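As structure tokens, the structure follows; a few thoughts come after it.
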Amino acid sequence: MGSRWSSEEERQPLLGPGLGPGLGASWRSREAAAALPAAVPGPGRVYGRRWLVLLLFSLLAFVQGLVWNTWGPIQNSARQAYGFSSWDIALLVLWGPIGFLPCFAFMWLLDKRGLRITVLLTSFLMVLGTGLRCIPVSDLMLKRRLIHGGQMLNGLAGPTVMNAAPFLSTTWFSADERATATAIASMLSYLGGACAFLVGPLVVPAPNGTSPLLASESSRAHIKDRIEAVLYAEFGVVCLIFSATLAYFPPRPPLPPSVAAASQRLSYRRSVCRLLSNFRFLMIALAYAIPLGVFAGWSGVLDLILTPAHVSQVDAGWIGFWSIVGGCVVGIAMARFADFIRGMLKLILLLLFSGATLSSTWFTLTCLNSITHLPLTTVTLYASCILLGVFLNSSVPIFFELFVETVYPVPEGITCGVVTFLSNVFMGVLLFFLTFYHTELSWFNWCLPGSCLLSLLLILCFRESYDRLYLDVVVSV
């Protein structure tokens, strides 16, 4: 990204010399004026192949989320088949946020080498990771280490699939399609994690401690065979996506789809300094990172939180599944609405977080029914949890678009990389803390409405700006 592309030919200016009449003095910021391209050839051109590029990237994100959440829904079967401990299961989940530690290296690669090289490296890491898990060894200790190594490599793919969606949408899509493309590319990773709740339990049988037959060696071998069938299937899908990406995944279209796609951006070092010194960006970044990080940690122990309410692990899994699916659907719908009605990102976030605050408060008070006397039923728990997931998950692509608009001309990959890194730090710390202090989780319920209310206040005080959109609208006209 920025002023450099992935080859010498691609680094040539997209637009010729000259400046549109009367545009230089109308910019809101000095940075936006510096990003103005040298000439304006008219409205940008979009290509039909953009949907193929979006499909390949979205499939990669979907499978990365699916692989990451392989073990959570079948943890009891995995314990019996491979002898996993509670710490092993927790670490298999933690490899996701741990994979964000080298996030800034992937941001640098995306900025300097472009989308194709970064996506190829990401998919290759996923091939290695899913392949490691499939190596047939009889030593259970070695097998567990290979599985952990595979999950770690898959976690390293997280920064790209979570951060590159706005970069892809700006590079390939016009201004009235960008939010929709960002939503599709960013939501598919969440949808992959949700589908793991279906794939694992449908293929892998759950152990039954009350039956002596299932405690036999043949039963353990059967469970292990079914788990390995899932691992081989995921490995095959990842190899297919890698092959398709290697065959065709251009770094950018022949002509830019918008003025913003052709404009110069700040360098990597200047971008990081600008982000860390921009108070408005830090405010909205915390509004994203705190509630989304808390919600991710809360979702990871949802079955334990709902145990006192006599909700089974299966029901807890279905609650998590439908909350993510609903969030994906609503998120894409909201993004499409944002494309039609431009300049409304702050209002959309205010509505979403108002709903999230009310839903999380409803859930927390329902769990305290001995004090509040609110009805504690399966319907109320399902409704409050699913609504909470819908409101929070659907806010992700709207946040991404607002981040990019706020700090333009900072490159999209760097901007989203910083905020997702902060979110994963919050999630990782919470999951690590809960690994040791999981006996009493009622306090955790209060973290949700507290974080949502804090985010709502930060968004309310936030002063929005749309420098990138302003560039496209004014220069195109």
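From the backbone N, Cα and C atoms, a Cβ is placed for every residue, glycine too.
Record features, source TrEMBL:
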- 51-68: transmembrane segment (TRANSMEM)
- 89-109: transmembrane segment (TRANSMEM)
- 115-135: transmembrane segment (TRANSMEM)
- 183-204: transmembrane segment (TRANSMEM)
- 229-249: transmembrane segment (TRANSMEM)
- 279-298: transmembrane segment (TRANSMEM)
- 318-335: transmembrane segment (TRANSMEM)
- 347-365: transmembrane segment (TRANSMEM)
- 381-404: transmembrane segment (TRANSMEM)
- 416-437: transmembrane segment (TRANSMEM)
- 443-462: transmembrane segment (TRANSMEM)
Worksheet item: Hey, would you say the transmembrane segment (51-68) packs against the transmembrane segment (279-298), going by three or more CB pairs under 8 A that are 6+ residues apart?
Response: no
Worksheet, complete the sentence: Here the stretch out of 183-204, 279-298, 318-335, 443-462 with the most C-beta pairs under 8 Å to the transmembrane segment (381-404) is 318-335
Worksheet item: Restricting to the same chain and to residues at least six past its boundaries, which positions have a Cβ under 8 Å from a Cβ of the transmembrane segment (115-135)?
Response: 6, 56-57, 60, 63-64, 67, 106, 109, 146-147, 149-154, 156-157, 160-161, 164, 167-168, 171, 228, 231-232, 234-235, 238-239, 241-242, 245-246, 249-252
Worksheet entry | Winner by Cβ pairs under 8 Å against the transmembrane segment (183-204), considering only 89-109, 279-298, 318-335, 443-462 | 318-335
Response to the item:
If one takes Cβ-Cβ under 8 Å and requires six or more residues beyond its ends, the residues near the transmembrane segment (318-335) are 179-180, 182-184, 186-188, 190-191, 193-195, 197-198, 299, 302, 306, 311, 348, 352, 381-382, 385-386, 388-398, 401
Item to complete: Sort out the residues at least 6 away from either end of the transmembrane segment (89-109), same chain, that have Cβ-Cβ distances under 8 Å to it, and list them.
Response: 68-72, 75, 78-79, 117-118, 121-122, 147-148, 151-152, 154-160, 163, 268, 272, 300, 413-414, 417-418, 420-421, 424-425, 427-428, 431-432, 435
Practice prompt. Residue list, the transmembrane segment (347-365) vs rest of chain: Cβ under 8 Å, 6 or more residues beyond ends.
Written response: 287, 291, 334, 337-338, 372, 374, 380-381, 384-385, 387-388, 391-392, 394-395, 398-399, 402, 445-446, 448-449, 452-453, 455-456, 459-460
Worksheet, complete the sentence: Within the same chain, the residues 6 or more beyond the ends of the transmembrane segment (279-298) and with Cβ under 8 Å of it are 305, 349, 353, 356, 388-389, 392, 395-396, 399, 402-403, 406-407, 415, 418-419, 422-427, 430-431, 434, 444-445, 447-448, 451-452, 454-455, 458-459, 461-463
Practice prompt. Please give the sequence-distant neighbours of the transmembrane segment (443-462): residues at least 6 beyond its ends with Cβ less than 8 Å from one of its Cβ atoms.
Written response: 280, 283-284, 286-288, 290-291, 294-295, 297-298, 301, 305, 346, 349-350, 353-354, 356-357, 360-361, 363-364, 367, 388, 392, 434
